[in-house]
């Protein structure tokens, strides 16, 4: 009988220990351990890879931090746009709410975005728009972005397909494909991108999901190549370094490691 009581006490102690262990795993990991998407601590790809919540995450596996709106706070957004001059048209155009509203129309993005991805995205937004100063490409209207050989998305007479929005959407084939995806006639009305902030952010997100997100796991440098490959391999080292600088800054603000392969 005494043996049975002792065994029972030991069993209860063990259960208590494992209960506390599980609590710590969901997710109070030591600083050198990753918290996996399922709430457990470890160091290999199962913990530090896709879905990683905290710790030294790798690739796209960075802390989610919750919804898009909880990551892109008003303070985070203001820290960027407040660096634009008072005379900037974009300062009266781009808003944090228009970004969040646009992001929520892309559930695959909104439901899986990570802090590192937000840092990546806003580093490029910052570079492309001058801290959200510019809505349209400087002198863009004087440039020809019509690829006449593209018969799937033919250019409309008198319309310009120069860079607009946070990712500076350019060329008729991008306006056409993007508009088709979003249910908008951007071939005939490309100016919508420069007149409606939610549409502007939606075009940026469309380009992101199709051309940038697929290479996120390769590091920040691969995203530079996806957006403007002409800057890579010494094409424009100043621009590359500027993008990396913004990225490092935003990773710091959001509390995530920038990861490897930052340059291109």
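Every residue, even glycine, has its Cβ placed from backbone N, Cα and C.
These features come from Swiss-Prot:
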type	residues	note
ACT_SITE	128	active site, proton donor
DISULFID	27-35	disulfide bond
DISULFID	29-41	disulfide bond
DISULFID	34-48	disulfide bond
DISULFID	52-57	disulfide bond
DOMAIN	25-59	domain 'Chitin-binding type-1'
REGION	66-264	region 'Catalytic'
Mean predicted confidence [pLDDT] for the region 'Catalytic' (66-264): 96
Conformational class of residue 41 (disulfide bond) under the three-state DSSP mapping: strand
Whole-number Å value for how far residue 41 (disulfide bond) lies from residue 128 (active site, proton donor) (Cα to Cα): 38
Cβ atoms near the residue listed as 'active site, proton donor' (within 10 Å, other residues, all chains): 20
